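Visitor: Dumping the structure here so I can ask a few things about it.
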């Protein structure tokens, strides 16, 4: 099926790009601006200089013959070794410039050498064995199931987890033997449990006698201790870096290990990230996908210009925090991972404004202006991500290759979209022909996989995972640590943590909307173009009276943040009012200057609300004003999201006896209670409200003053008489409906269904 997408293989493919054609002496002469050395070969029709003749005599007849046939066919004379070398360098520069030009246009040039090309060809999608394709209703479900299957597949098994745990314990015992008072703490991907099969282990050593002056000497001692303990045979000491570390690869399992000294901020960052991950379902799956995607393209290291794990985690968290449908709790992220992954690639690969906008995940997440913080630094193309621990620190400022990363993410968006269209066409064709159950089973997973178009498992990864499993089964590390085989490692390990629990919902069991938080119920007659414009904080009414009891019951936990608690997280649930953007009052003046506001359809503050009747309210305003403060529009319930006309348009009414002084400034006066079974039902729309008012109202209503007198009298009727009580109830209901009808036409301008502004009576 022809699609509107360009072939995305040119963006992230692994095919070798064709080299540009050689332009001969034309490129050479243009690069030198018309100047040539005396030793150069003369152009056609130009006389040879004396120096060239002498050179020919010295070099003999051997050099006077043509060097190779292609040059002879092109009419070019023989070339010397020096000229050949110059031509090769020139061709290399031309290829390099073309590759740079392609990158600037959004085209990645594929593998950089034959080894990378071979690795790309060896990739396959073994996680597809965990996907039941026949139960997927559409390609989006298929992609979501693939993401969950990939997450399960790359997550560590019990054997792999314990090998890493025992390796950390072995290194810890070696360090404690060298420095008995030192404290070793793992952090990074081990702390968040977001490491890949070939991921490294980050450790920090804290000691009260460690200082910056003796760090280099202590790192050398630490490296020597690692070699003597047969943990590794080669240690690299990076002492002049901003964070001095030692790096080595373990002999058992070939695991990369980084050890730093007295860097406690890494441990704190891991604790903060774990809080975010617990509050954002689906974040772990997306983070592992993006990390693996960048890792296979050598774009996961900051020192090479790529994005580090910390930056990737913050990007995914920010994406989930600010996603409109997640802010309104309309979808379950874990059942819509396929859509979210494509939208993530689209945002940071096509639409994100890297030049002007920075990312912050603090206080619910927001975007800010880079210029307001002085983060332009002459390189506006760099990605800026605020450190959750320090708002003045840019954790992604060192990723100088972000433009190539952006092009790669954009290519992934194009390729995944194209594969979705292909699978949709194939599913539709199979459904029409009745071959659904057999068509997919006859194919290999690599053939129908959507996610396999942008990533895959290499043989090198499989080999290392098998090696870790073999080490565990043979008990090599058990023997070194004196741990019995099959025993629970908790009593024998200092930095013990339980293995991760891998549990993800399946769209084949629930469907995308079954177990998701129920979306707000919308009226069928509501203006559809307004849906989706309301943010979570739209229906939060601000109170002038700080003593309002209702205000504390629905205020966002993010808005209660103080400067002493820079990271406050409230898990987003269907019944909670966690906001994705903190109000300006909770952000300092210096911080709020650069915050980019998210456009709202109207001002939701109670202070700026216009009185009823001044202008025709919008559909959204009607809904916000109609909801009482103690009830959330997003809370589960039958009538959630419906406009209660009796609350939206009713003017203040006299309180019942005994209820004086019980009304707050923000709450509307309650109506007289009706007997059981006669409660008013919620109205879906304005037309429904008007139709009911006109249908149930009597035609003998008097003036407004008369109604008020009769109503006051009806309240004071003696309850001993049933007949008088019924009569008073009827009068009270007529008065209420008359008030409703008057307020309704006052709000609407009184010009609908033949009514005029002056014709408000019956």
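Using the three backbone atoms N, Cα and C, a Cβ is placed for every residue, glycine included.
From Swiss-Prot, for reference:
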REGION    1-123  region 'Disordered'
COMPBIAS  50-62  compositional bias 'Basic residues'
COMPBIAS  65-75  compositional bias 'Basic and acidic residues'
COMPBIAS  99-123  compositional bias 'Basic and acidic residues'
BINDING   189, 266, 291, 309, 310, 610  ATP binding site
BINDING   200, 202  Mg(2+) binding site
DOMAIN    336-393  domain 'PAP-associated'
REGION    482-762  region 'Disordered'
COMPBIAS  536-549  compositional bias 'Acidic residues'
COMPBIAS  572-581  compositional bias 'Polar residues'
COMPBIAS  677-687  compositional bias 'Acidic residues'
COMPBIAS  697-707  compositional bias 'Acidic residues'
COMPBIAS  753-762  compositional bias 'Polar residues'
Visitor: Expressed to the nearest Å, what is the distance separating residue 202 (Mg(2+) binding site) and residue 309 (ATP binding site) at their Cα atoms?
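Guide: Here the two Cα atoms lie 12 Å apart.
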Visitor: Same-chain residues six or more away whose CB lies under 8 A from the CB of residue 291 (ATP binding site)?
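Guide: Correct list: 194, 196, 300, 309, 312.
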Visitor: Compute the average pLDDT of the predicted model within the domain 'PAP-associated' (336-393).
Guide: 92
Visitor: C-alpha of residue 266 (ATP binding site) to C-alpha of residue 200 (Mg(2+) binding site): distance in Å?
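Guide: Here the two Cα atoms are 15 Å apart.
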Visitor: Under DSSP, is residue 309 (ATP binding site) part of a helix or a strand, or is it coil?
Guide: helix
Visitor: Out of 200, 202, which of these binding-site residues shows the lowest number of other CB atoms within 10 Å of its CB?
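Guide: Each of the binding-site residues 200, 202 was scored by Cβ atoms within 10 Å; lowest is 200.
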Visitor: Given a separation of at least six residues and a C-beta threshold under 8 Å, show me what packs close to residue 310 (ATP binding site) in the same chain.
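Guide: Set apart from residue 310 (ATP binding site) by at least 6 residues yet with Cβ under 8 Å, we have 269, 395.
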Visitor: Expressed to the nearest Å, what is the distance separating residue 189 (ATP binding site) and residue 200 (Mg(2+) binding site) at their Cα atoms?
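Guide: Residue 200 (Mg(2+) binding site) has its Cα 8 Å from the Cα of residue 189 (ATP binding site).
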Visitor: State the count of C-beta atoms found within 10 angstroms of the C-beta of residue 189 (ATP binding site), not counting that atom itself.
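Guide: I get 20 for this one.
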Visitor: Let's check the environment of residue 309 (ATP binding site): how many other CB atoms sit within 10 Å of its CB?
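Guide: Neighbour count, Cβ to Cβ under the 10 Å cut-off: 25.
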Visitor: Quick check on the domain 'PAP-associated' (336-393): DSSP residue counts for helix, strand, coil, in that order please.
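Guide: The domain 'PAP-associated' (336-393) comes out at 22 helix, 10 strand, 26 coil.
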